[in-house]
Each structure stands twice: as C-alpha cells, then as structure tokens.
Amino acid sequence: KTLLLTLVVVTIICLDFGYTRICFKTPYVKSETCPPGQELCYTKTWCDRFCSIRGKVIELGCTATCPRAEPKEDTTCCSKDNCNPHP
C-alpha cells in the first residue's frame, strides 16, 4: 500500500499536469491562462485607416508558434508569463 501511494505521488510530481502560459489578451488587455499547447505570448501591431488619429491597432494573445508578420505588421513573441504587456 505504501509503495503504491509513493508511486502515485512520484507520478504526479513528474507529470506536472501541463503548466500553461499566462499572457495578456485583447480586446480587454486582461491577463489570462492560455489554452494547452499555446506556450508563447505575442504582440501584433499595425496601422488601420485611423492610425493617424489613435495610433496602431494592438493585438495581444497566446499562440503555439509565433505568427508570421504580414506586410506593414510588427509581431513579437515571448515565452514568459505576462511578457506581452500593452505597449
């Protein structure tokens, strides 16, 4: 019985039950837990037709792989909790 309990405890410690990343997400710029498998935070910015009035559009979120920046977009990724604050 003791051996079985020890094995269960060791298994739980080794599995770590899948830590998930915490990133800021838009539209509310809220710190949220990312879905399993999405271990990167990203920040994407671009200009829309109102750029000269209110600045660049900012998108924050979680991702499994860093999104490829399209023309006239800036994209950065990072791998620590809340490493993508609103610029």
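Just so it is clear, glycine is given a Cβ too, placed from its N, Cα and C backbone atoms.
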Just choose from Cys34, Cys83 the cysteine that Swiss-Prot connects to Cys62 via a disulfide. Cys34
Selected from Cys14, Cys41: Swiss-Prot disulphide partner of Cys23: Cys41
With neighbours defined as other CB atoms within 10 A, the best-packed of the disulfide-bonded residues Cys23, Cys77 is Cys23
Residue among disulfide-bonded residues Cys41, Cys47, Cys78, Cys83 with Cα closest to the Cα of Cys62 (disulfide bond): Cys41
In three-state terms from DSSP, label Cys34 (disulfide bond) for me. coil
